[in-house]
Structure formats: structure tokens, C-alpha cells
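Single-structure report; data block below.
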Amino acid sequence: MKFIVQRQQLISSVQDVMKAISSRTAIPILTGMKIEANANGIILTGSDSDITIESFIPAEEDGMINVEQIEEGSVVLQARYFPDIVRKLPDNTVEIESDENFNITIKSGKAQFNLNGQDANEYPHLPNLQAENSFDIQSDLLKDLIKQTGFAVSAMETRPILTGVNITIENETLHFTATDSHRLASRRVPLEGVTSDSSNIVVPGKSLNELNKILDDTGEKVEISVMNNQILFRTKYLHFLSRLLDGNYPETSRLIPDQSQTVLHVRTKELINTIDRASLLAKEERNNVVKLTTKDNQLLQITSNSPEVGQVAEEISVQSLEGENLKISFSSKYMLDALKVIENDEVIIKFTGAMRPFVIQPADDDAILQLILPVRTY
Amino acid sequence: MSQWYPKKGRVIFHVDMNSFYASVEMAFDPKLKGKPLAIAGNPEERKGIVVTSSYEARAKGVKTTMQLWQARKLCPELIVLRPNFDRYRTASKEMFQMLAEITPYVQPVSIDEGYIDVTGTEQHGSPIEIAQNLQQKISSELDLPCSIGIAPNKFLAKMASDMKKPMGITILRKRDISDKLWPLPIEEMYGVGEKTAEKLRAVDINTIRDLANGDAYQLKRILGINGERLQNRANGIDVRPVDPDAVHEFKSIGSSQTLAEDTTDETAIRKLMHQLADNVERRMKRKQAAGQSVQIMIRYHDHKTITRSKKLPHFIENKDDILHFSNELFQKHWNLEPIRLLGITVQDVDEKKNLAKQLDLFTYEKEAGKEKLYEAMDELSQKYGNNIFKQLHNDDKDEEKPRTSFQKDFLDDFKK
């Protein structure tokens, strides 16, 4: 195998693929990165057996030559050293060559590295996903969906299914839901022209998080297909494959209250700032608790109190306040997480009582829903 | 009377009940008086060790922590009783109440000993009169013997109460140190255990005097910060105040138990884990507490002991959670060798009134059902102040179970 590649192209491809490579893996060869060259270009592959990422560098793109002098072949090289080497090479182009003993030579300018490689035949074969059951989505929208829900997955393995994001398609609507059982985040978007029946899968939150890092928000097309316990996200030059989580995701829609006792309209930014200030005295090990109390004249009071430290109180005026008076305590962290992903100047918060979940939504968009369970102070 | 009290400085008592469990049993059944008596954990099983014994038994060589069969060999007529913790608890509570009548500065240390700071209690008499009256009262009303140490600080008071038993009253002033304290062998010093004594003897420190006059640098090198502390104490310096709230401060709640025999049998292990989690849950409930870390201890057949812990993102209090995380740790860290002892401890513990409980989407209905109740409680608390409510428990019946170790949980009860 041999080729000469533009260094910048190689750097960004290597960075993407490294997201899937872990130094701690049960299968030793997976600590390496597979490089494959053919007439069309080169393919880099990394995998930790949960996630597999393939990045493709086309030999030629829009008349620009990325890869030249290609001699077909493949090899696996040690991923631990490769990214730093590529990043620090002196020239704009990099020549990579491997011989029949898997000895790899990397040349750039006057620098030359000789690395020990491994036989690419020993690298696990990726399942060849046939895109039978697939749909397209724009990358910027997909990134939004991930950002607005992925943070709410559970970090604990107590209920493994909750470490994933539940993705459903029903009635031409794509729906992302995540909950760690203390808060829930969901967003739906219309999906046109999907022929497939309803589907319901759970994708590990970690996978989506990595995918979000790799995807550009240029709005390019992402094809999503699901098969055999795997999900594949495919763009022109990237294949991102993740295993799915086994098990049934709990039915959450019926847990979302459909009535409300107290409804607030409030400016998002102001509320974020006020709660952020109050949380300065709220301690993490005590659930970051802040208290919200409704006052007369369209005022809210946000307070927090740590017996050893002191207390803070701040009033904030709201656009409107309807319904019963309320005193409720909740985690400032959950509240800030939820408010920050709502990219809207105004939010509506609907409460149904001090011990019941409350719902935060953008003022003019009910496709996004953030739900938070309050804390009970003893 | 104030001439008895130093102008600056304090007068501190250490009250030490003499062979407490055995004495309580004798007060309960006077026929036992004058006979060799031992209280032992589990007379039938291997873990049957002597928890405490009467002076008559001690005269025959019976010692605390000795295995029962050894004790019986030394003293064939030994009477062995299982512990009745309820009796001890009641007696202890009454004893501490008597201390609390003298001054509010009472610091219980365990079921049978405590410090009181009698500085400024001239109305009760001189320190020695107070001590005599107290000892008399405990003896006549509870039929229990105790020794009292009188000193300017806690360490000296503790050493003093040890000097004359049973029914002793010993005054240990700073000027007495070189005569009364320094001649004692190093392992008799409070705070010096077997390991520490070994290290000290290795550098030729054999008496408390040697420690008091030892090289501070060398001590620090072999014992760390504790070396400095011990040397200060040997010189009669101890600035710790008598802290009535010390007993309330708890950072961890745990339970451990030796298996009937060393085992790798997962059923037996699982059963014990259940039991331990049960104990921990009960004690957490008693304290109205919740904790944020779980620690397990595994002691293997060869006495090798490991502890492993995990910090959780939220507070737990229920058996299910305690057991879940304990099992998780156990599965991860057990090396499959035979186990002698297991322990579960919940750490980073705090009283629930200082905490908030994050409600759960899938279970909040349970809490929400009590919403009206909490609202009413909140309103009443605002009107009449905190602490007007108390949750009731009926878990005390469980406490009858014989156990060798004793928990201090109840020690804060004597004030109520």
C-alpha cells in the first residue's frame, strides 16, 4: 500500500476516527487504526466495538487532488502515536507506505517515521448495512436534536436503557427522548416521505455525543439506517456506526403532565442569569437546590440557602403569571441545562404542584419539551 | 467553693462504667453478684468471643475478645450470658442523664463512658465532692460501679479514670504527671494501640516518660502527625474541648459481620450482604439520614482486608440501593478467595433535614400523594417553628438481636 495525501485532509479524518478508538478494549487490534487505499481514495477506520467510525478521503474532489500515487492495499497502525505524528509533520503532504511485513513508513518533508503495523485482515469486518430502512435528515437539525436531548441521558448504569436516547418514528414524525428519571428532554421534528413503518430504538447517549462532535453543521445530508441492532449515520465521506441498546424504553409520554396549575411566561436569558447566581450558593452534593416562589405583581423570587455558607434571594419579573401560587424547589443544574438548549427568547413553564414534574417549552414552539422533577426538601 | 477551680483552665471528668455489661446483668439479677460472669456474642458459634466480663472472671484470667472456649478453660465455673443491649441502653441513658444534671457539657463517647466539663459548677461543690456524689448516686440508684478521673483535660481524665478500678476516683493534675503517668508502660497510654506501641518500642520508647521526652522529629517520622499529638498528650497537653454535639456528628453508617465459616459460597455471601444492607438501612432510618457513598469491606481467610468504595451522584437511604451498589462493588473486587468477614458502610452521610430529595419521574406519584400533608406541615412549621413534627418508627423491636458490637446511635437520646 502506498499513497501521498494532503496533510490537512488527513489530520481532520484522523481526528474523527480517533473518537471511536479506545486504548482500553477487549480486542487488542482495536487499539489500532485501519488504513485502506484504493483507486477512489483512502478509508480510515476506528472502532471500540460499540462505535465504529469510517472516514473517507476521496482521491479527487471538485477538481482538487487529495490523494495521489495510490497503490492499493491496507494496514493497521498503532493509533496511540499516529495523530500526533500527523499533526506535527513538517510538510503539506504526507507519504504513507507499507510493505508485506506491515512495516509502515511515514514521510513528510525531511522527516521519516518507521512504524510497526499489523495485518488488516485481522481487523474485524464491519457489518455491511444495507439501507433498506432509512431516512435522510440535515446534519444541523440532527445536531440540534442531539444537543437538545442527549444531555438528559442517565450517567448511571443502574437502568442501562436510560443511558440511551430513545428515537422513534411514527406518523411521519421523528422523536428524540432522553431521561435520567430526574429530568426528561424531548424534541420532535416532522419527517416527510418516510415509507417505513413506525420504529422505536435506543441509541447510547455516548454514541450520539461523539457523532455530534464529528458532524459539521453545514446542513449536509445525513442518511440514517437501522438494522440488526445497529444504527448507521452516513454522510458523503463519513460512516458512523453504533450498536443499539437492548431492552424496552419506558413509556414516558403518559408521565408528562397535560394539565397545569401555575403557568409562567419568562424571558429565558433573565431566568438563566438569576438561577445561575442563586446556584452559586447551592451545593452540588445537595442537588444544587434553588427555590422558586411566586409573588404578587408578576414577580418570582429565586432563593438558595446553604446553612454553612449563607443565603441568596433575587426577584425576577415575568411576562405573565397565571394560576395558583407556588413554592417549589429544584436542581439549578437541571434547570440551567434545560434552559440553555432552548434557543428562544421566551419560555413557558407549566407547574402542576410542588411535588410534581414541571414542563419548560419555548414560548412559540411545543416541539421541544424539557421536563424536570422537583426536589422535596425534608 | 470557687477556690477549687483553676482561674484559667478547666476541670474535666472522665466517667467510666466498670465492666458495664456484666455489672448491668448483676444489677438485674443480684444472684450473679460475686460470681465469674462473661457476656459473649454468640455462645454457640465460632465468633463467640468475650465482650466483657466481671472482675471475678478477670481474676481468673478471662479477658475481653478472648474466645469463649479459652475463657471456659481458664474458668470452668464461668457463667456466660448473651448481651441484652436493651438493658444496657436503658442503664446508659439513665447514667448520662445523671451527668447532664450536673452540667450540659456532657460528651458521651460510648455506651459506658463519657466526659463532662464541670468548670463553673461551683454550686454543686468541689470537683471531688461532685465526683463522690455522682459515683454514689450511680451506685445507689442504678446499682452500677464506675470510676471517675478528674483532670484539667480529656486525655488526663481518661488516664486517671483507668488508674483505680472499680469505684475509683483519681485526680491527675499536671504536676502529678511525672509521678503517676510517666512510669506507665507505653501501651497503657490512651491512643497507643498495638501497632503504635510496636513502632515506639522499636525506637526504645518503652514508657510514657520516654515518649514525653522523645525526639519530636523522630516521632513525627515514624508516626506522622499523630506522633506530635501523642507526645503532647504524654506531656499533659490536650486542648480538645468537651463537645456535647460530637456524638451527633456522623459521617458514615455501617455494619460488618464474620461468617460462620470462611466461604466462597455465593448463597451465603448474598444472604449476609442482605443482612448487612438491612442493618445499615435500619440504622440510617434511626438517624433520619441518607448518604452519598457506599463502601464495602472484604476480609479474606488469611486476614487480608480490602475496602472499596463508590461515590454516587445522589443520596441513598434504602436497602435496595445500598445492596445494589454494595453488590456491584463486591462483584468487581472479590478475588474469589474464601471470605471471613464482610462489611457495608454508607459514607458521606448527613441528616435528611439538611438534604433535599430529588424526585423520580417513575416514582414521584408516591411523594406527590403526600403533597397536601407537606403543605400543611410547611405552614404549621412557619407558624410554630421547626421541630414540631417527628416521624414515628417501630423498628426498635429489631434491636433485640444479639450482636457483639455496639452502636452509638442512641447516645443522643439521653437529652430527650
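Cβ atoms are placed via backbone N, Cα and C, with glycine included.
On the 0 to 100 pLDDT scale, the domain 'UmuC' (B:12-193) averages 90 in this prediction. Residues or ranges marked as domain 'UmuC' by TrEMBL: B:12-193.
Annotation comment: TrEMBL describes B:D16, B:D112 as Mg(2+) binding site. Secondary structure at B:D16 (Mg(2+) binding site), taken from DSSP and collapsed to helix, strand or coil, is strand.
What TrEMBL lists as site 'Substrate discrimination' is B:Y21. Under the three-state DSSP scheme, B:Y21 (site 'Substrate discrimination') falls in the helix class.
B:E113 (active site) is surrounded by 19 other CB atoms, counting those within 10 A of its CB over all protein chains shown. According to TrEMBL, the active site annotation covers B:E113.
Residues or ranges marked as compositional bias 'Basic and acidic residues' by TrEMBL: B:392-403.
Per TrEMBL, the feature region 'Disordered' maps to B:392-416.
Taking the C-alpha positions, the distance from B:D16 (Mg(2+) binding site) to B:E113 (active site) comes to 5 Å. Cα to Cα, B:Y21 (site 'Substrate discrimination') and B:E113 (active site) are separated by 12 Å. For B:Y21 (site 'Substrate discrimination'), the count of additional Cβ atoms within 10 Å of its Cβ stands at 26 [all protein chains shown]. According to DSSP, B:D112 (Mg(2+) binding site) sits in a coil region rather than a helix or strand.
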